[in-house]
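Below you'll find the structure, written out as structure tokens, and then a few comments.
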Amino acid sequence: MGLGVCLLGLLALILSGKCSYSPEPDQRRTLPPGWVSLGHADPEEELSLTFALRQQNLERLSELVQAVSDPSSPRYGKYLTLEDVAELVRPSPLTLHTVQKWLLAAGARNCHSVTTQDFLTCWLSVRQAELLLSGAKFHHYVGGPAETHVVRSPHPYQLPQALAPHVDFVGGLHRFPPTSSLRQRPEPKVAGTVDLHLGVTPSVIRERYNLTARDVGSGTSNNSQACAQFLEQYFHDSDLAEFMRLFGGKFAHQASVARVVGQQGRGRAGIEASLDVQYLMSAGANISTWVYSNPGRHEGQEPFLQWLLLLSNESALPHVHTVSYGDDEDSLSSAYLQRVNTEFMKAAARGLTLLFASGDSGAGCWSVSGRHQFRPSFPASSPYVTTVGGTSFQNPFLITNEIVDYISGGGFSNVFPRPSYQEEAVAQFLSSSPHLPPSSYFNASGRAYPDVAALSDGYWVVSNNMPIPWISGTSASTPVFGGLLSLINEHRILSGRPPLGFLNPRLYQQRGAGLFDVTRGCHESCLNEEVEGQGFCSGTGWDPVTGWGTPNFPALLKTLLNP
């Protein structure tokens with residue numbers, strides 16, 4: 001049956017049959033650990049679904065990202081506005097018309113678009129959604145530490161073939177909220193107490209990375225930073241106040257978050273949410289801070305996807321965003337991965353710096369056709385974000401050189417090819433590392449990560465008015481690195497320069513200038529006879545465990561201040 005037949009009438013678009021296709025055949029639909037089904041949703045229950053519409057001019061977008069992010073380009077720092085990006089990627093009139101008529105005929109209500117017009121979020125009843133998305137069956141699920149409720153389909157969905165040129169995927173069917181991988185490690189044993197610190201605090205970070213009391217925001221620029229949280233966790237203002245009372249006495253800082261976007265629940269504070277806010281605001285001290293808190297929270301929505309929609313709908317955004325969200329790359333459909341990667345390109349074109357945690361499973365591990373392989377994480381593996389790995393102090397009680405934190409996520413993407421900006425650095429690592437795992441374990445031609453690192457081991461956090469020690473994870477290193485980039489943006493803005501924007505092309509051109517090279521340690525991986533739990537190892541220069549290294553603030557400021 002040909003495409004022409006499929007286009008006959010709107011009902012042909014709604015009704016499934018031989019003219020249908022699956023946008024996400026490779027999306028994992030197994031239930032994550034700790035989630036249980038509560039049964040089929042009521043047919044009259046209301047659902048919110050997000051339709052990702054096919055964009056235009058993506059090659060041109062890629063070229064522009066390269067031009068505005070490369071210091072050797074005449075267009076460096078000349079970022080696009082949201083309206084410029086919208087003009088470039090907006091779906092074709094045919095796409096907009098076809099999808100809107102299809103949804104209208106299906107009974108969709110309260111449809112909302114974004115400035116770039118490439119997402120459409122609509123309300124439908126479960127009955128309408130199951131008719132519209134052939135094969136889908138919506139169930140209620142509950143799971144996660146917060147006993148989160150979601151509505152998802154355990155079965156794949158199909159769309160009419162006539163929509164294949166117009167819709168990338170539908171959000172709100174399969175992907176479950178992420179869980180935190182933060183750990184509270186046992187307190188290390190120590191003899192003697194001379195010149196010791198008892199865990200990582202803002203003063204420890206500021207001493208290690210060579211910040212002075214003057215290295216804070218001026219309070220006079222329009223500089224701002226943000227962290228985004230998707231764990232159904234919340235921070236409390238009272239915890240931030242207590243944290244700054246305990247640990248923020250030696251530097252100027254802001255007393256509260258400037259803006260919360262999304263839902264701030266009234267429940268108990270979460271350690272991850274508390275950590276993000278407290279360390280972004282103490283590293284990027286005295287800089288206006290936003291928090292994206294479980295944006296678009298409804299049982300049918302995906303919080304991470306809703307955050308991306310918010311970025312496409314706000315013309316004035318913070319310059320630096322730190323995000324601790326991650327998922328196994330292989331658990332996500334290629335349509336979703338490619339589209340999210342394009343959303344990062346849109347952000348890069350606008351001069352936003354997106355920092356993602358590299359993950360807390362080292363190189364990762366999974367079995368493919370009976371053979372072990374390393375398991376990359378996404379969005380850490382996207383070529384359009386800056387990915388932050390983790391380190392520990394060589395002596396856990398002294399402010400000393402850093403070594404690899406064995407949990408530090410890193411490796412090579414199985415989806416995204418190696419970008420040109422890191423070609424030389426990765427080739428150098430692969431040709432010189434004395435401890436490379438067997439080649440069957442990783443895709444040597446893929447995007448390699450992380451790009452940088454910071455301390456990720458042994459943090460103090462205040463949560464529910466309790467100081468909690470020894471919290472560890474790249475969820476800690478990411479806001480710290482982000483805060484320091486915000487301080488550098490402050491200097492750039494006050495001297496009339498644009499913010500740093502997408503950092504990676506510049507970072508790799510400068511070959512780790514302004515960073516402490518971490519050359520000792522390996523991260524974890526598959527526990528088998530072949531690799532015996534060891535993934536990649538750090539070495540001189542860039543490596544897929546700690547990237548180019550950790551920040552030496554005065555040197556990094558000097559390196560990134562001009563042009």
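Glycine is treated like the rest: Cβ placed from N, Cα and C.
The annotation signal peptide is assigned in TrEMBL to 1-21. Positions annotated as domain 'Peptidase S53' by TrEMBL: 199-563. Among the features that TrEMBL reports, active site, charge relay system is placed at E272, D276, S475. According to TrEMBL, the feature Ca(2+) binding site maps to D517, V518, G541, D543.
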Nonlocal residues around D276 (active site, charge relay system), in sequence order (Cβ under 8 Å, 6 or more apart): C227, Q229, F235, V291, T322, S324, S475, P479
Among E272, D517, D543, the one of these recorded positions whose Cβ has the fewest neighbouring Cβ atoms within 10 Å: D517
Inter-residue Cα distance where the pair is E272 (active site, charge relay system) and D517 (Ca(2+) binding site), in Å: 27
Cα-Cα distance linking E272 (active site, charge relay system) and V518 (Ca(2+) binding site), given in Å to the nearest integer: 26
CB-centroid shell, 8 A cutoff, Ca(2+) site D517, V518, G541, D543, site residues removed: G512, T519, S538, G539, T540, W542, T546, G547, W548, G549
Residue pair D543 (Ca(2+) binding site), E272 (active site, charge relay system) - Cα distance, angstrom, rounded: 27
Inter-residue C-alpha distance, G541 (Ca(2+) binding site) and E272 (active site, charge relay system) (nearest angstrom): 31
For V518 (Ca(2+) binding site), the number of other Cβ atoms found within 10 Å of its own Cβ: 27
